[in-house]
Amino acid sequence: MCAQPVANTKEIRWQKVLYERQPFPDNYVDRRFLEELRKNIYARKYRYWAVVFESSVVVQQLCSVCVFVVIWWYMDEGLLAPQWLFGTGLASSLIGYILFDLVDGGEGRRRSGRTRWADLKSALVFITFTYGFSPILKTLTESVSTDTVYAMSVFMLLGHLIFFDYGANAAIVSSTLSLNMAIFASVCLASRLPRTLHAFIMVTFAIQIFALWPMLQKKLKARTPRSYVGVTLLFAFSALGGLLSISAVGAILFALLLVSISCLCPFYLIRLQLFKENIHGPWDEAEIKEDLSRFLS
Amino acid sequence: MAYRGGGGHGHPHSAALNVSPRSLPTCRTHTHSICMVSDFFYPNMGGVESHIYQLSQCLIERGHKVIIVTHAYGNRKGIRYLTNGLKVYYLPLKVMYNQSTATTLFHSLPLLRYIFVRERVTIIHSHSSFSAMAHDALFHAKTMGLQTVFTDHSLFGFADVSSVLTNKLLTVSLCDTNHIICVSYTSKENTVLRAALNPEIVSVIPNAVDPTDFTPDPFRRHDSIITIVVVSRLVYRKGTDLLSGIIPELCQKYPDLNFIIGGEGPKRIILEEVRERYQLHDRVRLLGALEHKDVRNVLVQGHIFLNTSLTEAFCMAIVEAASCGLQVVSTRVGGIPEVLPENLIILCEPSVKSLCEGLEKAISQLKSGTLPAPENVHNIVKTFYTWRNVAERTEKVYDRVAGEAVLPMDRRLDRLISHCGPVTGCIFALLAVFNFLFLMFLRWMTPDSFIDVAMDATGPKGAWTYPHPYGRKQGDNNEVSQVR
């Protein structure tokens with residue numbers, strides 16, 4: 001073996017360069033090895049209550065699904081008249097519609113340039129079409145067994161919860177897919193209701209709670225965080241109350257789920273944050289920070 | 001240029017002895033029988049491929065026996081011989097993604113074991129962490145009790161899920177590998193962190209370029225205009241987006257500035273858009289994909305070489321450009337600051353603004369005539385990186401490895417479990433046991449003594465030097481034989 005001469009290492013300083021033949025063996029480890037290593041430079045520090053506040057989006061969506069299922073159960077049992085649900089839904093939609101503009105002082109409307117007439121038109125078109133098609137919706141899954149329909153609805157609602165846009169920037173998020181799954185679940189469930197009117201009102205209600213309500217929530221959260229917390233609490237308690245009237249065990253489990261999501265999970269996240277070891281160094285792929293689209297526009 | 005023999009036993013004559021004194025081993029106790037394994041080899045083109053080829057040629061020149069194992073490329077399967085009797089096995093394994101084979105850790109054992117036994121291989125040298133076959137070969141070689149060396153050619157981050165998984169696999173693959181070679185100090189730091197290695201078993205041996213292929217030719221360029229050359233694949237990681245910002249900025253500022261861009265890739269479209277938008281058709285030439293032999297002819301047409309890579313372990317392109325006498329302007333990423341001395345390269349941050357400043361500095365130096373003459377630059381650069389030096393240093397690694405013991409099975413299992421975490425470690429320890437049992441089974445089916453020993457065709461003493469009837473053409477060491 002012909003080892004390279006390792007003399008005079010004291011005087012000759014090792015350099016991190018490749019073009020010079022240095023009097024060190026190739027596997028030499030200098031004191032400067034890994035000196036450019038940085039840890040956790042982009043790590044975020046979370047505050048407990050801020051995380052709890054953010055987790056309310058998940059709680060809200062869970063409650064929406066719960067309320068939807070509870071209402072469907074009441075309709076299915078014949079305990080809730082469809083006209084009554086339609087009236088309440090219409091009234092709350094109107095209140096929501098007014099609130100939607102009030103919260104940001106009509107700024108969003110001005111920016112999007114959408115008129116009230118356009119809103120009214122699309123609402124009318126939607127209601128007419130759903131009403132017209134409700135006999136078909138009613139008989140759509142007649143040949144499918146009820147168990148299959150329930151299983152499908154459960155999967156669709158789970159999918160709705162998974163793909164919902166909670167504000168995270170991830171590949172799995174797709175609000176379109178999420179909404180579609182929720183509507184599909186509602187159509188499945190509506191087809192098991194006693195009459196066409198029931199089916200029509202169930203689908204309308206699904207649109208209200210899965211499409212319109214999250215839009216209002218988002219705006220409330222951005223503009224008036226305090227009232228948003230209140231709304232979330234109220235909504236959670238009403239969902240729990242509704243569930244309690246059907247099944248006490250279910251309500252307890254649901255309450256535990258909500259508490260763990262809004263209180264335990266943030267705690268756990270902050271605890272795990274201590275173990276975070278994000279390594280950065282010169283080997284990282286550089287990021288282009290400029291906006292390069294200006295050269296092409 | 002290639003000679004295709006009809007198998008390893010084609011010429012049972014003893015070869016004529018015509019050993020030149022230059023290639024006699026100078027300070028070595030014994031020669032090695034080395035098997036290079038990688039999914040990436042000719043006809044695929046790239047840094048890893050030429051590294052394996054050039055290193056093998058120089059090792060053969062130094063008297064070692066070298067064979068290469070890769071997977072079949074289309075019609076090219078079976079055994080082929082390249083210059084100097086370098087034997088290449090193209091194994092019929094399925095390619096899964098990006099020219100890398102699928103890995104099951106088992107299916108390649110029968111073939112690889114047969115080759116290792118038949119060729120009497122003592123050291124397995126795997127290349128590239130993206131190659132599944134390279135990792136498979138390491139795994140089998142350890143089961144068979146052979147010495148293992150691994151060369152890592154690329155950098156990898158730590159941030160996303162895919163890199164977490166790949167790094168875990170690398171940890172498993174390298175935890176009981178004898179020695180690891182990286183191409184730059186940054187790459188060594190990266191690999192040591194990724195695979196949780198002892199830095200003492202990681203050597204840094206840079207890549208090389210052949211300086212005789214990249215000679216300057218100042219008469220090929222027009223001195224009335226300034227030409228900036230870019231040669232790279234046009235992909236995101238090579239910073240083509242930055243290039244699309246630099247071109248309009250500088251072309252508006254300097255009316256006598258031209259760009260020549262060689263290379264192909266998905267980002268070509270944005271360069272074409274920029275050219276269209278700023279009406280630069282006569283000043284920005286897009287050459288498309290270049291053959292390796294044409295690169296030099298493109299390089300010598302320019303005054304300044306621009307490299308916009310966002311990540312790079314060891315940038316061969318800037319050494320090639322400097323060897324052709326161009327002033328290099330590059331981003332300061334990965335191992336690039338280690339590659340060329342400060343007077344030959346202008347390093348910039350990876351942003352349009354910083355790169356434009358660097359290029360303007362180079363342009364002003366060019367206009368004032370303070371840039372060194374291409375011939376002088378070439379003479380400096382050609383001493384930096386040579387394949388012979390790479391082979392010499394790699395040989396030292398082999399010598400060191402040959403003296404080490406391969407971990408016996410029980411200690412290998414201990415190492416896997418203690419080093420790779422409880423879950424992954426146990427899974428792979430179990431797989432190692434299965435691999436061992438499979439090997440036992442194969443040995444029972446075909447005992448090692450039943451396997452023919454292949455003849456060594458390589459090197460000065462090999463059968464290769466026997467003048468065969470087709471008439472031997474003088475093989476040029478540094479040229480790839482291409483049989484298509």
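A Cβ is built for glycine as well, from the same backbone N, Cα and C atoms used for every other residue.
Unlike curated records, TrEMBL annotations are generated automatically.
It should be emphasised that the depicted structure is a prediction, and the values quoted were computed from it without experimental measurement.
These features come from TrEMBL:
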- A:48-75: transmembrane segment (TRANSMEM)
- A:81-100: transmembrane segment (TRANSMEM)
- A:120-137: transmembrane segment (TRANSMEM)
- A:149-168: transmembrane segment (TRANSMEM)
- A:175-193: transmembrane segment (TRANSMEM)
- A:199-216: transmembrane segment (TRANSMEM)
- A:228-246: transmembrane segment (TRANSMEM)
- A:252-270: transmembrane segment (TRANSMEM)
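Each of A:48-75, A:81-100, A:120-137, A:228-246, A:252-270 was scored by its Cβ pairs under 8 Å to the transmembrane segment (A:175-193), and the highest score goes to A:48-75. Note: the stretches the transmembrane segment (A:120-137) and the transmembrane segment (A:199-216) are in contact (3+ CB pairs below 8 A, sequence gap of 6 or more).
Segment contact is absent for the transmembrane segment (A:228-246) and the transmembrane segment (A:81-100), given fewer than three CB pairs below 8 angstroms at sequence separation of 6 or more. Of the recorded ranges A:149-168, A:199-216, A:252-270, the transmembrane segment (A:81-100) has the largest number of C-beta contacts under 8 angstroms with A:199-216.
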